[in-house]
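Everything below concerns the one structure shown next.
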Amino acid sequence: MARPQLNVLTTLDVARTQWYHFRAIVIAGMGFFTDAYDLFSISLIAKLLGRIYYSDPSFESPGTLPPNVSAAVNSVALCGALAGQLFFGWFGDRVGRKRVYGFTLILMTICSLASGLSFTYKPKGVIATLCFFRFWLGFGVGGDYPLSATIMSEYANKRTRGAFIAAVFAMQGFGILFASIISLIVSAAFNNAFKAPSYAEDRVHSTVPEADYAWRVILMFGAIPAALTYYWRMQMPETARYTALVAHNIKKATADMSKVLHMEIEENFENVQGHDQAIRRDTWGLFSPQFSKRHGLHLITTASTWFFLDIAFYSQNLFQKGIFSNVGWIPKAKTMNALEEVYHISRAQTYLALCGTVPGYWFTVAFIETIGRFWIQFMGFFMMTVFMLGLAIPYHHWTSPGHHTGFYASQGNTPQRGYSKGIGLRNSLFVLATSNFLGMVMTLFVPETKGKSLEEVTMENID
């Protein structure tokens, strides 16, 4: 039996697109922008860290981070993000999205700055403190990431909710692009100011002392977009769905949304009483039989598609730097000085973001309400699977001289993982193809939500 719907939620669902929607996109989207910058800027400076702290002039090639150190530096923020998602997801349901949203931004700002101020000049000290601060940076990112999407989904109307949420996610592409551009500018500026020979010419002086400041500036720059949006975040009211459905303060939810929508919303208090009683009665725990019966399959399949996607997504953006020189896209490391290597890596990442990542995001924004969530996602996994197999099966063809451009034309549209020892790990491409295929299979069990309210999707409007 259908449950009486609150007027304030109905009004949000049918509200015309207006200024507050775009303001919410920018505020929530800057969260994704900052998250992407903070998570992926480390990949741009990892090789520089190896040159500065692990260089040995007796070696033919420049210094690199040891495998265990490289793994820690690149992935520690993701470990923090996992912990942050679990903690702040729970905490956001306890105290509200707005309060937690501000705290995560403060944490991200502080840890971005602290990452660039990692203590001492000894390798162990620098790497240890860098990993410590990046773990807590990831912890803040882990809270900010789902909250940004949740806030946008709870503010949006049902007609354009998919496009609005996709636009928020699309800011992640701009964050990746911005990180590459900042790294490009900083490395070029330092290299122009502090000239140095290539490693082949002078193994000792190819890394100037000032290079130790360059990577710090790049990491600390992530604090700027976070700090700039703090005031606007704190001006946003709590979402009506949290206030009404979780905090059970329907009068405040109605008052807040009346101000946001610039209209008077009148609530039927007979509906309020019945709705509030039903919500309190149906407040099930995450692991309760009732929750599992109603939401279990959809939760597992949706989470699984995220899992399989993120294997590919984070692999591409964190580890693809290791293959640029192997396929001839940038010069060999020993033919460059330390800052030149950062410049060339950043330039390559910029091209990939411009030609693949950013257009892919905005294709979804443009067509998600036309094609639908299901088909957009299914098509994405299908194409990634096909392109990954297209790289893996004729692998030696793509990596032979003369085919490097073709390799990257495909690679720009397909993520990859497992290149810490170079592109020679062909089997990793098959693993990623399998991951993408499994994501496509799990998508078959994810319901289409186009044109539905959040209450219809979660079946909260049914007794």
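Glycine too: its Cβ is placed from the backbone N, Cα and C atoms.
Automatic prediction, not curation, is the source of TrEMBL annotations.
Here TrEMBL flags 24-463 as domain 'Major facilitator superfamily (MFS) profile'.
Sequence-distant contacts of the transmembrane segment (25-49) (same chain, at least 6 residues past either end, Cβ-Cβ under 8 Å): 64-65, 70, 73-74, 77-78, 81, 101, 105, 108, 112, 126-127, 134, 137-138, 141, 144-145, 147-149, 151-152, 164, 167-176, 178-180, 182-183, 211, 214-215, 218-219, 221-222, 225-226, 228-229, 232-233, 236, 314, 317-321, 333, 338-339, 341-342, 345-346, 349. The transmembrane segment annotation in TrEMBL covers 25-49 (among others).
According to TrEMBL, the transmembrane segment annotation covers 69-88 (among others).
Per TrEMBL, transmembrane segment is recorded for 100-119 (among others).
Here the transmembrane segment (125-142) has Cβ contacts under 8 Å with residues 34-35, 38-39, 42, 49, 53, 69, 72-73, 76-88, 104-108, 111-112, 114-115, 118-119 of the same chain, all six or more residues outside its ends. Taken from TrEMBL, the feature transmembrane segment covers 125-142 (among others).
Under 8 Å from some Cβ of the transmembrane segment (163-190) lie the Cβ atoms of residues 21, 24-25, 28-37, 40-41, 44-45, 148-149, 152-153, 155-156, 208, 210-211, 213-214, 217-218, 221-222, 225, 317, 339-340, 342-343, 345-347, 349-350, 353-354, 357-358, 360-362, 364-366, 368-369, all in the same chain and six or more residues away from its ends. Marked as transmembrane segment by TrEMBL: 163-190 (among others).
The transmembrane segment annotation in TrEMBL covers 213-232 (among others). Sequence-distant contacts of the transmembrane segment (213-232) (same chain, at least 6 residues past either end, Cβ-Cβ under 8 Å): 23, 26-27, 30-31, 33-34, 37-38, 41-42, 44-45, 48-49, 52, 102, 105-106, 108-110, 112-113, 115-118, 178-179, 182-183, 186-187, 190, 339, 342.
The transmembrane segment annotation in TrEMBL covers 351-368 (among others).
Residues or ranges marked as transmembrane segment by TrEMBL: 374-393 (among others).
Per TrEMBL, transmembrane segment is recorded for 429-446 (among others).
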Predicted model, mean pLDDT over the domain 'Major facilitator superfamily (MFS) profile' (24-463): 85
Same-chain residue ranges lying at least 6 outside the transmembrane segment (69-88) that approach it to Cβ under 8 Å: 38-39, 42-43, 46, 49-50, 54, 100, 104, 127, 130-131, 134-147, 314, 318-319, 420
